[in-house]
Amino acid sequence: MTQQKAIATPKRTKEILDKYGFSFKKSLGQNFIIDVNILKNMMQVAGITKDVHTIEIGPGIGALTEQLAVHSDSVLAFEIDQRLLPILEDTLQEYSNIEVINQDILKADVKKICQDKWQNQKEIKVVANLPYYITTPILMQLLLAKLPISSITVMIQKEVAERMAAVSNTKEYGSLSIAIQYYTKAKIGMIVPKTVFMPQPRVDSSVLHLEMREEPPVSVINEDFFFTFVQACFQQRRKTLRNNVSRHFKESMTKEAIEQVLVDCHIDGTRRAEALVMEEFAMLANRFYQCMQEER
Ligand SMILES: C[S@@+](CC[C@H](N)C(=O)[O-])C[C@H]1O[C@@H](n2cnc3c(N)ncnc32)[C@H](O)[C@@H]1O
């Protein structure tokens with residue numbers, strides 16, 4: 001495939017949009033990539049080869065889909081906007097290894113669709129330029145669905161990528177960092193200026209690469225309790241851990257019992273949540289969980 005032929009150029013994109021009289025829907029996060037080099041870099045960050053099947057979320061007019069068709073074995077793409085289906089049929093007509101499914105990714109049974117399509121053995125990777133208005137719900141759904149995927153590589157808003165990949169003692173670190181890093185090893189692959197999109201979004205983007213973990217890095221008794229606890233610890237970032245935890249458990253535990261948990265776990269209550277690493281959150285959440293069970 002030659003550079004001129006790629007969908008992801010300003011000229012070709014404009015031609016396709018004009019041909020179909022397509023108008024962007026802001027409400028669906030439609031910002032299409034018009035720089036093929038960015039997409040090729042994404043292939044590298046994601047480690048796409050012919051030994052890999054790929055899932056794309058939101059193919060748009062097919063700019064990234066085309067690269068996935070060229071570089072991977074086969075592509076399954078979920079697109080919510082029906083108006084894009086005839087356009088994709090046209091732009092991707094020369095590829096026989098792409099299946100477009102007209103479904104909302106948040107409602108699709110991705111696991112079953114994957115299993116039905118690819119009974120075989122090959123590694124499956126997710127690669128997408130996500131609709132930014134639902135970045136976190138999409139990623140959390142993919143992670144919780146326990147799909148047979150090895151990695152997720154997504155273009156998302158730069159600030160959100162930084163929060164997802166953040167480590168302790170930074171201002172970006174929070175409950176989202178813990179949720180993402182509980183399931184994956186997160187790394188920012190590259191920063192992407194807003195000028196490579198049509199129309200241009202208000203913000204810059206980053207490519208975030210998430211390598212699925214086989215096992216979470218910490219042992220947690222109850223995952224729902226753990227994630228709710230971590231959120232509570234970050235509720236008021238400037239306040240101490242003691243303050244946030246006391247507020248969270250004020251209906252269910254005495255002040256003394258809360259203090260005892262901090263002592264048992266050797267955690268100084270004057271620290272702030274952003275100073276705690278995941279192991280410390282897990283230790284505290286497990287101990288609080290046990291206390292609540294004993295109370296019953
Ligand atoms: C940022 S654009 C990316 C388009 C294309 N992949 C590209 O890189 O140029 C996001 C795409 O996701 C689609 N989309 C939005 N919400 C969706 C949803 N809930 N399920 C599936 N696709 C969705 C939009 O219609 C749009 O095509």
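Cβ atoms here come from the backbone N, Cα and C positions, even for glycine.
In sequence order, G29, A77, F78, E79, I80, I105, A128, N129, L130, P131 constitute the residues six or more apart from G58 (S-adenosyl-L-methionine binding site) in its chain with CB-CB distances below 8 Å. Taken from TrEMBL, the feature S-adenosyl-L-methionine binding site covers N31, I33, G58, E79, D104, N129.
Annotated domain 'Ribosomal RNA adenine methylase transferase N-terminal' per TrEMBL: 38-214, in sequence order.
When the record's S-adenosyl-L-methionine-binding residues N31, I33, G58, E79, D104, N129 are compared pairwise by CA position, the greatest distance found is 21 Å. Taken as a whole, the domain 'Ribosomal RNA adenine methylase transferase N-terminal' (38-214) shows an average pLDDT of 97 in this prediction. Taking Cβ-Cβ distances under 8 Å and a sequence separation of 6 or more, the neighbours of I33 (S-adenosyl-L-methionine binding site) in its chain are A8, L39, G60, A63, L64, N129, M155, V196, F197. The highest number of surrounding Cβ atoms within 10 Å, among the binding-site residues N31, N129, is found at N129.
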